[in-house]
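Here is the structure we will look at.
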């Protein structure tokens, strides 16, 4: 296609497509259409001038000193902002009605905008589509076809015969050029209806009044404001920009020095509690190696098989009650699970899924019939004191040490591999050697990482829960929490962490909540850090024999039970937790790239194989922590995984706002003499997010360590 047009037109067409996020290499027909259209617009305007007597004349090679003005203003081929600026200024100076869509040309002789069309179909069809689309009496339409036909509004063709013949000849040449390269047939057939021109959205009525009322000071109308915004140059001196914006703003730029920043204030209050959807470092697995039982791979079969590996069950009792809940119900729920699993065993054929009986304890735990009754708005809009519930402010919590321990554990290696080599996904294109080498090195560093176990566990639980929520909306389905891995010797292993019982799940919207009760095995005694387990009721359900250096010891086995909830959108993201692998791989790649550009050769091999080199991992009160490249990979992965496990509005806000302060501090560290205004406001915005979320509080304390060291 490129060879059929001149380089300037090709460049403009590529720019136009990029602006709409389209790729000329892929959408070649569209690319050809845009090139053709641009060329016709330029030819339309070529050689046409207006002389000093305001007469329209044609000059092909004339006196360069003659006072001539171009007859046509070319709008097509400019970027959107610029194009609208031109249209606005034409309308302001000539009083012509402003078009809804960006036209192609403006004719200073006839004082009208022109819409040019080039079609591979019937000119009439295309003309009608254009007319229907722009719905404006004022804009003149002129359509050309590749077969030499044309059609224009009121049969007024604007230009002389010869100029139009030149355009038709060129179109015919383009057609031949494309045909000789085997492009024409596909191009001819690919034309779709009219859809690409951008609409100028007119605001009327109430919305218009609201818009006019909410303009910044010093703007008399929405139009003025639009024109100002279109012409706003984003770079330049800040003080100048601010004074340009408004007389009321007088931002004094304060220098940001080593002594300027203060640490973030972390909230006081009781220690924060665990809020993840499943247990992390405290989880305990019942496992089977080399599973080959009948129905292997069916979750319920696998779960029963795992349960049978344990012989230390005992009469359960509550060791740490839930402060607000009806604790006997949690106990009864676990007993019910055991009893119903036993019932399954006694049946001839084990079913593939198990729906729990709707007992009073499960109805209570799953919040059945607890939702306030929905009333049609029509029936209550006359109620005089209709208002939303007052919701309590969230209670402040202080940072507790358990969340740092959780993070450290997530960075550690386990003795099993949780992903296969291809888990990060093959590229569609034949991938260059370097990228696959990096991916393999990275996978080797993280495949045994505990954070990777959390990913696979999260993917499994969310997938199973979303499936059950759609397939068994009314049932209290029992969902085993399962993961699969390989041992050091490469043997397959299936693990059971516990069970989930799902509540009613008629999920219409993305944010509609499905309640569930989770019951998870653990060897952690909840009485050691009771604040961490505030939301749980913990039972003691058995004794487990553990092999230690001293011999076998018996340890009590606990069951952590809580009610919880999630939504379609959260489950969707949970199912996609493997993205964390990709995100951390990309962060590592950018480190390798930086290293490689300094050394001017690819450093992938050295990067991963030079075991002596240490890398900065993070800041702690002790200073900058360093570690091997593997440790860096696992730390980055753990951060990404925790961002997913502990996702929350507090985290979103903290990440966005603290990043600004981080950039300022880094600028100071690089001796760039940064300046700020309203630093107090920035601190407020950051600290507003420090309420009670364990992961956000931990990140804030890391941030304080960073500030302290960065500005020493």
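Every residue, even glycine, has its Cβ placed from backbone N, Cα and C.
Binding of Mn(2+) 1 is attributed by Swiss-Prot to 37, 115, 116, and the same site annotation extends, among 23, 46, 104, to 104.
Here the Cα atom of residue 116 (Mn(2+) 1 binding site) is found 10 Å from that of residue 76 (Mn(2+) 2 binding site). Sitting within 8 Å of the Cβ centre of 37, 104, 115, 116, and not among those site residues for Mn(2+) 1, are the Cβ atoms of 40, 41, 76, 103, 105, 114, 117, 118, 142. In this structure, of the binding-site residues 104, 115, the smallest number of CB atoms within 10 A of the CB marks 115. The two recorded residues residue 115 (Mn(2+) 1 binding site) and residue 76 (Mn(2+) 2 binding site) have their Cα atoms spaced 10 Å from each other. Annotation note: residue 76 (Mn(2+) 2 binding site) sits in a coil segment as assigned by DSSP.
Counting every protein chain shown, the Cβ of residue 76 (Mn(2+) 2 binding site) has 23 other Cβ atoms within 10 Å. Secondary structure by DSSP for the motif 'Nuclear localization signal 1 (NLS1)' (120-135): 12 helix, 0 strand, 4 coil.
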